[in-house]
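Here is the structure we will look at, set down as structure tokens.
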Amino acid sequence: MGDRPTPVPLPNSEQFYLENDRGEPYLIQVSWPLHWEDKQTGRGPLPIIYIVDGNALFLTATEAAWRRAAASHFAGGGIIVAIGYPLKGKLYDARRRSFDLTPPTACAPVGYGGADVFLDFIENSVRPAVQARFPQVSLAREALYGHSYGGLLALHALFTRPQSFDCYIASSPSIWWNSLCILHEAKAFVETKKVSHDQSPSLMVSWGSWEQHPPRWADELLDHYEARKRTAAELRMADNALDLCAMLHGCSRLHALIKTEYEGEDHTSVMSCSVSRGLTMFFEDWPFHQSG
């Protein structure tokens, strides 16, 4: 106690570093329910959610999950795993995330297209490392969350390895990237017959209403606003998401498809909405109602 400043502690959490096969380090941040006295006591089965762009979203997701303990429908929470980079003074490593979060294509730009390598790293390195830290906890289900390029990653993971996770959460996915190449994967996914009797995965897609139709800020110059509005129209964040959902509607390989537009949110502000809603539904409202 006293008035001497000290660092702000974050209970029920830890972080560590893992390297991929190329020797590149990743920051792995993990949190678990605030009411746990320790993480070694046998518990479960519990859900776990993996979140990319972890530097920007770990605290947001952790606090959102902890706040649910005061809700009437709290189901015990789950484990949050955020995957990021060793950074100081910033939240994003533009070069590394551009490679890690975009799918491989025949005409991928230089420095992009490493999603499969990154997903292999999550499955073969991150997942076992996290599970080793909770030896007495049994896992019920797993989700993958990503925003923007991360949302594109979540879609690519669903379309190419649908059994890797039980739920894929694509927040404001960059469907526009590389001439809408992800839609070719979506088409192949829809046209492939389901061969397994296991429950199909679910998909959540969301975006902010201001992403495609931004308002003008009070202090914004008209020329700047017009340029920003043109870019928003070209990216078609809402329309692309709606087109994708229409393509996937009724797909037998999906258990549920949930689409949400967050009114009055832009590409940055919508992150807190989608991560809170995504983990809340995945932790507490599972299984989702089956799509018709």
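Glycine is no exception: its Cβ is also placed from the backbone N, Cα and C atoms.
Just so it is clear, the model here is predicted, and its values are computed rather than measured.
What Swiss-Prot records for this protein:
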| type | residues | note |
| --- | --- | --- |
| BINDING | Arg97, Ser148, Tyr149, Ser174, Trp176, His267 | triacetylfusarinine C binding site |
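Annotated features taken from Swiss-Prot, shown on the structure.
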residue	record	DSSP class
Arg97	triacetylfusarinine C binding site	helix
Ser148	triacetylfusarinine C binding site	coil
Ser174	triacetylfusarinine C binding site	coil
His267	triacetylfusarinine C binding site	coil
*For Arg97 (triacetylfusarinine C binding site), list the number of other Cβ atoms lying within 10 Å of its Cβ atom.*
22
*Which residue, out of the binding-site residues Tyr149, Trp176, shows the minimum number of other Cβ atoms inside 10 Å of its Cβ in this structure?*
Trp176
*asked:* Restricting to the chain of His267 (triacetylfusarinine C binding site) and a gap of 6 or more, list residues whose Cβ falls under 8 Å of its Cβ, or answer none.
replied: Ser148, Ser172, Gly208, Glu211, Met237
*Write out the long-range same-chain contacts of Ser174 (triacetylfusarinine C binding site), meaning residues 6 or more apart in sequence whose Cβ is under 8 Å from its Cβ.*
Ser148, Tyr149, Gly151, Leu152
